[in-house]
Amino acid sequence: MEFFKQATPEERKIYYREEWDVNQVPNFILGQLENREFGFDHFGRGPNDRYKTFNSPEYLKRFMRSKTPFAAYCSVAFYEKPRKREGWMHAELVFDVDAKDIPIRTCNCDNVCEICLNEAKEIVGNIIDTLKSDLGLKNIHLSYSGRGYHIRVLDESVMEMDSDVRSQVLKYVVGADVPNDKYENRGQIYTLRPYSIPFGYPKVFTDRIKYSILHLTKDSKIEGISKNLLNKTLENRKFIEENQWGDFLNKLDPNHPKTGARNYNKLINSIASLNMSLVDGKVSIDLKRILRLPSSLHSKVSMRCTEVKNIDTFDPFKDAVPKFVWERKD
Amino acid sequence: MIPMSFINPLSDEGKQIVREDGGDLDRIFDENDDIIDAVNSITAQEISDDAYIPKSYVDLVIKRVEWYVDKKSDPKYNHKKYAFLFYPEIAKFDVIAFYILCQAIGIKYGPNSRESRAVSELQGQIIENRLEELYERDRLEIVDKIMNILIVQDRIKWTSLADLLSSKKINLQDLVLKDGNVILDREDFMEYFKDVVKLQQPERMYNVFIGNRIKELIMIKMIMQNTENYIKNVHEIAGREVEPNATLLKIAEEVADALSKEIRYYGGGDSGGEVKASPLNIEKFPPCIRKSLDGIKSGGRNEVIVLFLTPFLSYARLYPSVFSRNTTLKVSDVDADLKITQNEILPMIYDAADRCSPPLFDDQPQEKININAKLGFGMNDNLNLQHEGETTWYTPMSCEKVKLNMPNLCRPDKTCKGITNPLSYYNRKMREK
């Protein structure tokens, strides 16, 4: 049986008429259905049927069953008049991690595979941890999008925030900026590298850099990092695994107290830039985005966009494969 | 004891001073012996010229602004010349000067003006300098006292600082966060992090990493934000009056004159003289633009060509000083017959589109219309003066937005340091020659 093959119109019909149930749409969407805008893609050319609204789950159910869309989306924003996209009330804070676009993947697949989907899940887990432990956010939902994951935050304290603040949150959780390492206290300047600060943003940054370095392969191509530096990094990353960052630095730049930590700086600066691509930033800062509707079919890959209740046990190859895929004959 | 109003003029104490002593706008230009005496009583200053001494409230307002401008732009800046601004002896007069300044700017220029931003920044810098002059104990005490009033609840949630974050006065990464709370208190720090700090003494770590640093930072930024809010209020109230106060309007103009020496510094790290419209010099382009000109090999072709490259190339060629001038122009204001746009700018954009993989217009020919729209000519097939103004001429995207929308493009070089917009990079390089 072949995964990730496009669903036929017939298979879509089977899915929406026999397998899909409106009650699979999560409560965080059904609960305020009338304030969301819906969008549909009927022909696989992008969601051009927009500005749709549904006053009750029953209407949504009828629509899906009769139209059996190629893809279904709903807005992250809540509107007073969603049919006109007017009266913006607030919007979910969203992080879109697409396995296909992760900048460092240990697999070499062209599209997505079990390995990179697992890596996407690890990244998502790390982001959710930071959202909870550092930022103290609640009401966080996760859905499998078909080729990755959507983290959807419905904590009221962030839903009115503008794009600028959302972009700061995004950069914080992915570790996109190298932290300042000079601190002044009573006229004295102290140099503290991020790995020596086990709290706050430097800690998040160190964790993300560690994750990325441990997922590098000899074939990784990273702008700003030469083959030589990549090899040196791979040879010595065992130190990072054991959190011996000082030893790692010494290996990369043996004379760093005299000559400066050139290689180390190059490495962390390049990886910090790369971290920005862990998540699709456009989605996070867009206050009117539409996202795949959990429970709907991602027809391009024949996977079900699914709400993930337990990230540890969720397996897309078990929990997000529609029945018709298992029943395919080829 | 340091008066609270000396650091936070918007405190109740500050408001009280204004109520008691600041009522008579007709006399604020008059020579005021009390101000002169207070300034003369400060020993840590260099008064080699009588002109250095402010002699009236308005003089004091202008001195504040001159200090801010000189400090930023005068290579021969002499701190001692303005030392009186940083000693509590002038606190009472300074509070009144602060209110005069904010009211003048509020009435004449309003809350979203450069002048308003300059006043808020000026106030922030004055507070920073004043705190530096204090003894450590006084400094800790006054910051604690002010923070206790500014922050009503015991612990600050980072989400309550959204305005400050949004205005970029503080960055989320500067805050130490735990469960959504901003950790400022020593005891809180010890409770949460004592056990994880292993390489250093936790106490020392607190002093170095948080200490008063973040507390002061937040306090200063909150006062800056409150200053902006106050200017906004003044502006709204003034809008309901039949005739604005002539004295304050006059002061606003004097302040704007004093600021004009510095105003070119606005616009994202763009400093130095104004760059005039001239043929494009590719050598001076920032790395992100050069990369875009080579064509985009993966996703995001439309954004790079239409939203990023089109505004950059058009402004760099026609109106490079857009951020340092307060005027909105149309393409035809600079390129009346659109020849430069047709013969120099569009070909460069189209070439970059052709170098994309696949070439952008092969599968998305409608993007040519979008390019015209971003130049201000509406959603039309051709650049036609009759359609100009149907859409807005998009200004170049900031570095911040580039990083978010097209992270692969941003590979900063040395010149990028302190630059917040690719156009500022180009202007800086053009000035170097």
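Backbone N, Cα and C define each Cβ position, glycine as well.
Whatever TrEMBL says is automated annotation, not expert-curated.
There are 21 other CB atoms within 10 A of the CB of B:C399 ([4Fe-4S] cluster binding site), with all protein chains counted. In the three-state DSSP reading, B:C399 ([4Fe-4S] cluster binding site) counts as helix. Under the heading [4Fe-4S] cluster binding site, TrEMBL lists B:C288, B:C399, B:C410, B:C416.
This prediction places the mean pLDDT of the domain 'DNA primase large subunit C-terminal' (B:282-408) at 88. The domain 'DNA primase large subunit C-terminal' annotation in TrEMBL covers B:282-408.
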Chain A, Cβ under 8 Å: which of the binding-site residues B:C288, B:C399, B:C410, B:C416 qualify: B:C410
Tally of residues which DSSP labels helix, strand or coil - the domain 'DNA primase large subunit C-terminal' (B:282-408): 72 helix, 2 strand, 53 coil
Distant-in-sequence Cβ neighbours of B:C288 ([4Fe-4S] cluster binding site), under 8 Å, six or more positions away: B:F308, B:V402, B:M406, B:L409, B:C410, B:R411, B:P422
Cβ neighbour count (within 10 Å, all chains shown) around B:C416 ([4Fe-4S] cluster binding site): 19
Extra residues within 8 Å (Cβ to Cβ centroid of B:C288, B:C399, B:C410, B:C416), [4Fe-4S] cluster: B:P286, B:P287, B:V402, B:K403, B:L409, B:R411, B:P412, B:I419, B:P422, B:Y425
All-chain count of other Cβ atoms within 10 Å of B:C410 ([4Fe-4S] cluster binding site): 19
